[in-house]
Amino acid sequence: MSISKWPASERPREKLLSMGAPALSDAELLAIFLRIGCVGKSAVDVARELLQQFGGLRPLLEASQKEFCRGRGLGMVKYVQLQAVLEMARRHIHADMKVGDLLSSPHLVRDYLRAQLRHHAREVFAVLFLDNQNRLIAYEELFQGTIDGANVYPREVVKQALAHNAAAVIFAHNHPSGLAEPSQADIRITRRLQEALGLVDIRVLDHLVVGDGELVSLAERGWL
């Protein structure tokens, strides 16, 4: 049955307007994005099939262009639209991070770093450069490596921190394996970076390891 023939309270668009987006299921949200279904199936039916095919909403959102375009009802136009929406969401979070003290909004930092790093197929080491009020100056992905690791050079980190006139930094890197547990190498390089930056009076506030849906803080573990 076409969605237009459903009771108004059950139609995804009307439901969103009356109850808010959080009230919708993943399939209903995806159906709004798809806009139309196909012969014999509503957009919600197609959305449910896609979620089953990809294994959930997050794998669909993080799919490569080639993988995404294999989905029923999807294609290049939808892929471009989705990437634009995701980038707007990232920029919205980035703008929020420039307003206040990041230490008072740890969830914001974590959400931002997950969005930036978890989709990378190779290990990426990134730095948040902060001012003396812990507000974001810049986010930079400084080093990229293989699926097993990235070489990190303290001299380059110090150079970039000074260039941004940063008072503090937060490090982050992803584990493409999906496991966020820090390695001994992660702990060692963090301490080396802390020593190098300490020589120029720049504080290291944390080092976050991003896995598949989880994130570990070295500061919370007492390793800083």
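Using N, Cα and C of the backbone, Cβ positions are placed for all residues, glycine too.
According to Swiss-Prot, the domain 'MPN' annotation covers 102-224.
Mapped onto DSSP helix, strand and coil, the motif 'JAMM motif' (173-186) counts 3 helix, 2 strand, 9 coil. Annotation comment: Swiss-Prot describes 173-186 as motif 'JAMM motif', evidence class sequence analysis.
Around ASP186 (Zn(2+) binding site), the same-chain residues at least 6 positions away in sequence with a Cβ under 8 Å from its Cβ are HIS173, HIS207, VAL209, LEU218. Annotation comment: Swiss-Prot describes HIS173, HIS175, ASP186 as Zn(2+) binding site, evidence class sequence analysis.
Residues 117-118, 120-126, 147, 149-150, 207, 209-216, 218, 221, 223 of the same chain lie 6 or more positions beyond the ends of the motif 'JAMM motif' (173-186) yet place their CB under 8 Å from a CB of it. Look at the Cβ of each of the binding-site residues HIS173, HIS175 and count the other Cβ atoms within 10 Å; the largest number goes with HIS173.
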